[in-house]
Amino acid sequence: MNTSTAITCVAALVLCSLALSSNALQIEPRSSWGAAPARSPSRISGAVDYVIIHHSDNPNGCSTSEQCKRMIKNIQSDHKGRRSFSDIGYNFIVAGDGKVYEGRGFGLQGSHAPNYNRKSIGIVFIGNFERNAPSAQMLQNAKDLIELAKQRGHLKDNYTLLGHRQTKATSCPGDALFNEIKTWPHWRQN
């Protein structure tokens with residue numbers, strides 16, 4: 001390989017790298033799903049130690065943005081009403097329409113896992129994942145979201161990944177999703 005060819009190859013790699021980084025995960029803001037204002041949100045300063053994975057246990061999940069936004073709004077209404085939370089319990093929502101939606105977002109304490117809320121990011125997958133795992137797109141979106149949290153300083157590099165069932169007596173996030181996250185690098189048995 002001559003010098004000119006080598007320079008061309010390096011330039012192509014740099015351009016591809018720039019193109020990939022510009023296609024970073026897009027998080028749909030709270031306003032996109034019509035979030036009601038939170039009551040007295042609690043801030044978390046610094047990077048947290050845990051990511052807690054949940055499923056919403058909606059039998060059919062959602063596949064269109066309209067369905068997903070309606071489900072997210074219903075989850076928030078249930079959390080703020082029946083459960084008396086200050087807001088939707090989760091920090092982020094991974095939906096079947098290929099998008100990630102902001103729940104409470106980064107830097108705010110969730111209401112999703114007792115004893116872990118102040119030191120974790122709660123990510124819920126919309127659907128029931130007892131028998132079948134989420135789509136490859138949903139799984140990748142969650143992985144990308146976790147990486148983004150690390151890059152932005154909201155999650156420690158040596159974080160621990162847990163399924164909701166590891167924090168309290170529940171079947172959440174469903175057997176299929178739990179078995180999937182057990183293969184991810186930061187999952188730990190507690």
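Just so you know, glycine gets a Cβ as well, placed from its N, Cα and C.
Annotations in TrEMBL come from automatic prediction, not curation.
If you look up TrEMBL, you'll see 1-24 marked as signal peptide. The domain 'Peptidoglycan recognition protein family' annotation in TrEMBL covers 25-168. The annotation domain 'N-acetylmuramoyl-L-alanine amidase' is assigned in TrEMBL to 36-174. The disulfide bond feature in TrEMBL is assigned to Cys62-Cys68.
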Among Cys62, Cys68 [disulfide-bonded residues], residue with fewest other Cβ within 10 Å: Cys62
DSSP-derived helix, strand and coil totals, residue by residue, for the domain 'N-acetylmuramoyl-L-alanine amidase' (36-174): 38 helix, 31 strand, 70 coil
